[in-house]
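Asker: TrEMBL lists these features:
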DOMAIN    A:16-132  domain 'Acyl-coenzyme A oxidase N-terminal'
BINDING   A:138, A:177  FAD binding site
DOMAIN    A:274-436  domain 'Acyl-CoA oxidase C-alpha1'
ACT_SITE  A:421  active site, proton acceptor
DOMAIN    A:474-652  domain 'Acyl-CoA oxidase C-terminal'
C-alpha cells in the first residue's frame, strides 16, 4: 500500500515518467539494461546495505572487500566486464560502497601512461586480481601542488633500478584508497632524479605487500590513516618508502622513458602525467556528485509530501510541507540543478571524447580547454551539489539528521568531492587562468576555442526584458549570464593589468585578484551550464510533456541563479532593480508550477528503495513506520550497555562512592 | 618545541592576547576561574576524550554516562554547583560530550513552569540524582508545530489523575535526549483534555523507568532512535504511552492548573509554556554555536600557517596557505563573524535578563520582542556558524576531512543547531511576523521596541561614501545595513498588502511572501549584529591595541556582509556599482591587514589542545607528526581485519570458488 499523500502526487504528472527516465539513461534500451543490473545486484543478499548505518569502520571495510570479491564472481556469472556498459550501473547499484575502486584507477593509469609492453604485462595480472593495485600520489605535505611532491626516485644505472624514498614525514603518501590494508601494488608518483638532475614527477609501479602472505615488503611502512568523515568502507592508507628498489621497466613510459644509460626521452607533454586526474575528475562528476544530489532530492521531496506540519489555512488539515513556499524554495532549485548538471555532464563527456581521440594521436592541443573545463565544472558542480545535499538534509528537519534518512551519509561523502581530485578553489583559478588567456587572445583578434568566443565581444548593455514573462525567455536569461561572465572576466583582466602597470609584480597582482578570478571562473561555468540546458531543451522531443517540464526546470535553474547572485547582475546596471523584482516574481511563480510535478520528477531518477537506503525516501512514503522499525534494529537497542549496572544504578541507588 | 612557522606569527601580534582573552571572558577573574576549571577537568583521566574519534555509538554513550556520574563526584570535591559560575566552563571543557544534559532541561522546566510545591518536591530529587529526567516534546510527526502534538492527557476526576496516550505512531515522542536508555522520568508535553474539551499543550511529569531495576514502567515503550549524524554520546529516545496514569499534581502548574473538579485556571500567558524553549534557544547560541566556530577557526587558521603549498613567487620557498588571498577570504570572515556573534550574544543575554525579571513579576509584555530576537538570532547565528565551520573544514583540504582534525565532528554537531530548538526558517518567519507588525505600528505612529524604531523612518537614499576608505566608517556601513533591512521589511509589507488588496486571502498572501519575509528577517538581524559590533568597539578600552584590531574585525564583518549580499544593497541604488567596487577593494585590503594578527586572534580564544582535540589545531603546530601518531592508534590499525584471510588471500591465490 502506498501512502495516499504520495500516491496523489503521481496521478497528476504532466509528463511521462518512463519516457523521462529513458531520456536520462540515454535511451530505453539503456534503462532496460540498468534495471537488469540493479535487479541482479539487489536480489543478491551478499550486496545488501541494510545494516550499513549501524556498522563500524572495520565492519564497513570488511563488507566492502567481501562485496568486491563477490562482485568478481557475479560479473563472471552475468557476463559483465570491467569496461563493459554495465559497469556504471553496477557501481550505481552498489552506491560505490565496494573495495578495489583504486585498483581500477591503477589499471587506468597503466593503460593511459604505460607503454605497450607495460600494458601487456600488468593489465592481465590486474584484471585477474593476481595483484591489487592502488594509486599513490597525494602526500601528507602535498596535495594540489604536484610539483612539490617530495618522494624521490633516483635512477641507479649500475643496477638498472630506481631507488624510491619518502625522505621526510611530509613526503609520506597519505590518502590512497585500497592501500591501507588491501593493496599489493601501487602507482607511486615521485620526483625522478638521473645523475643528480631532477626531471619532475613521474609514475612508478611499486610492490608494497607480498603476494604470498601479504606482509609488507622490505623498506615499506604502510597502514590505514584512520577515521574519516565518510568512506569508512575504504582503507585510505599511508606509505613510507625507504630505499625501495624497482626495475627500470616499472616507470610508466608511454610519454617518457629513461634509457639504460640514463638518457631521458620525452615523447609528449609533461602535462599528460596528470591526464589520469583529468579523466577521474570528469567521471566523478556524474557518479560521485550528481547521483548523490539526485538521491537527496528524491528523499527530501518524497518526505516533503508525506510530512504534514502546521496549517496553510485556518481550520484546514495540516499542510504537506512541500506546499510551503520556503520548502519549495529549498528543494526545487536543487531539482532543477540536478537536471542542469546531468546535461552539462553530457557536454563534458563529449568534450572529453573528442580530446581523447586527439591525444591518442599524440595531438595535445585540446588539453588546455579540456583541463580548464573539467576543472571549472568539477568545482562548480561539486560545490553546488554539496550545498544542495545539505539543503535537502536540513529541509527534512530532525528526521534528515538521523543516519536512517540516508541524507547524512550522502552529505559526508559528497563534501569530499569538493576537495579530492583537485581542491575546488585551485581548480577555479586554473579555469580563470585559461579564461584570462583566452580573453587576451580574443581581444587581440586571435582564435579561441568555441566555448569562449563570447569573450571577444564584451560590451556594456542593458537587459531588454519589460515584464516578468520576458524572463521566461531563454535568450533573455542566457544573455544575462553571458554578459555577466564576460564582464567579470574582462574587469578582472583589466584590474590585473592595472596592478601590473602600476608596478606590482605579476604573481602578486595575480594573488591580489584571486577572489575575483574565482568568481569570474564560476560565472563562466554557470553561464555555459545555463546555455547548454537551454540548448538541450530545444533539442528535446516535444512529445509526452517532457520538453515543457524541462523548459520550466531550465527557467528555474536560470532565474534561481540570477536571484541568488543578484549583485553581479545589478552591478553595472545590466539588470535594474525593477527587473530584478520581475526575476523574483517569475522565479517564485515557477516554484508553484514545478511543485506540481516534483514527485514525478524525482521518480524519473528511478532509484530503488534499496539503492536509496533511506527511511524517509521510500517509494511508498511510509516514513514513520520505517523510522521506528529501523531504529529498533540499532545496536543501541539490540546490545545492552554496561552503563546501567556500572554507573546509573549506583547513582540512582545513591551508592556511588563518596556521593 | 613550537613549529617556527607558527611561532613567528605570534611575535608580531598588534595587541595583547591575554587582555583580549580577559575581555572575551568578561574579566581577568573569569579567565582565572575558567582556567582552573579546565585544568581540573583535563588533568582527570576520567574525562579524557583521547579515543573519541575511534569509538562506536555504544562506547560513546557509555563514556558520556561515566563522565556524567564522575562529574557529580568531581563537582562535590571541587565545591562546584549546577547553577554556579563554573558550570559553563565545565561544559566547555567537556565539549558537551557528557550525559544528563536533558536532566538539566528537566530541572529548568520544573523551575520555570512548576508551582512552588512542585519545585520543592522535584528539584531536590533531581539535584541529588534520585531520578534522571528528560524533556519529551518533539514527536515523530510534529516538531515545530507544537499545537499539532498528538499525545493526549485526559483528566480523570474520579481518580484525580491524567491518563496519557500516544494514540498513533506519529504521536510517539522521538528525539528526547537521555531518554533512550537512561531516564527514569520525563516532562512530557500533551494536549490536555478535561471533560472532552481540549485546552492545548501542557507539561506533565511522567515516570518511565523503575527506580529500582530500571525496567520500563507499565504502559511505557521506550528505546533509542539509533544512529545520527553526531550526538553519538546521547541516547536520544522514543517513547510510547499507553494509558499511563499520573497524579493531578504532575501537571506543571505555575501558570495554569486543573482543580480537583476539573476547573481549568490560567494564571498567565499560554505562551509561557514555550518559555523553556526560549531560554534553551538563547543559551545554545554561545555553547553550541559560537564556541564550535571558535574552535574551527583556531584549527583552520593554525593549520593554514604551518601548511605550505605552492609558490607565491617563483624561486621562493612554498608559501603558507594563509598568505593566499583565497584562503584569507575563506577563514578571516569567519573569524570576524565569531567576534560579531560573541558580542551579539552579550546583547541577547542582556535582553533576556531584562525580560526574565519582568516575567518573574508576571509581566509578559517583553515576551514578543524576546521571542522574535531569540528566534531570529538563533537562526542567523546558527546558519552562519554552521556554514563557517564547513568553510573551515574545506579550507583544510584532505586533512580537514579526517576525523582526527576535529573539524568533521564540529560540523556534524553544529549543523543540528539549525534544526533543533526551532527550525531556522520557521524561526525567521516568526521574527518576520514581529517585524511586519512593528513596521505597521511604527508607520502609524504607534510606539515600538527600541530595536525596531528604525522602521519608522524608511526612506529612499544613497550611500554618501566617495572612496574605499569611507567604507571603513561604521556610520557608513551601519546605515547601509539599516537602510537595506528597512527597505526589505517595508517592501515585503507592501507586497503583502498589495496581495491582500487584490483579493488574495491573508494566509495565502503570507505564504507567497515567505521567501522574502525570511530574507527581510535575516537582514534585520544582520543589521543589529553590525550595529552592536560597532557600538561595542566604541566602548572598548583603547589600550593594548584591542580596540584597533576589533575595529578591523568589525569593518571586515560588515564589508564581507555587503560584498556577499551585494544584490540587496545595489537593488534600489543605495549603493552604486562603483561603490560596490570600493567595498570590494576595502574588504580585500582588510583581509591582508587582519591576516597578520590571525593566529593571535584565535589564540585569544584560549582553547587547550585537549579541548580542541585536533591533530591539525594544536598550539605547537606539529601537524604531520600528530596525524601520523594518531592514525596509528586507530582500530583499523590496531585490530586485524578478517578480510585478508576470508577474501583477499583466496582472491590473490586464485582460489576463490568458481574464479
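From the backbone N, Cα and C atoms, a Cβ is placed for every residue, glycine too.
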Asker: Please list, in sequence order, the residues in the chain of residue A:138 (FAD binding site) that are at least six apart in sequence and whose C-beta is under 8 Å away from its C-beta.
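Answerer: Result: A:173, A:174, A:175, A:176.
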Asker: Run through the domain 'Acyl-coenzyme A oxidase N-terminal' (A:16-132) and tell me, per DSSP, how many residues are helix, strand and coil.
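Answerer: DSSP classes over the domain 'Acyl-coenzyme A oxidase N-terminal' (A:16-132) add up to 85 helix, 0 strand, 32 coil.
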Asker: Filter the recorded positions A:138, A:177, A:421: retain a residue only if its CB is under 8 A from a CB of chain B. Output in sequence order; output 'none' if empty.
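Answerer: Checking chain B against the recorded positions, the residues within range (Cβ-Cβ under 8 Å) are A:138.
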Asker: So if I draw a 10 Å sphere around the Cβ of the residue listed as 'active site, proton acceptor', how many other Cβ atoms end up inside it?
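Answerer: For the residue listed as 'active site, proton acceptor', the count of other Cβ atoms within 10 Å is 22.
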Asker: Cα of residue A:177 (FAD binding site) to Cα of the residue listed as 'active site, proton acceptor': how many Å, rounded?
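Answerer: Rounded to a whole number, the Cα-Cα distance is 13 Å.
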Asker: If you average pLDDT over the domain 'Acyl-coenzyme A oxidase N-terminal' (A:16-132), what do you get?
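Answerer: Summarising the domain 'Acyl-coenzyme A oxidase N-terminal' (A:16-132) by its mean pLDDT gives 95.
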Asker: Just how many other Cβ atoms lie inside 10 Å of the Cβ on residue A:177 (FAD binding site)?
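Answerer: Residue A:177 (FAD binding site) is surrounded by 23 other Cβ atoms within 10 Å.
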Asker: Under a three-state reduction of DSSP output, how is residue A:177 (FAD binding site) classified: helix, strand, or coil?
Answerer: coil
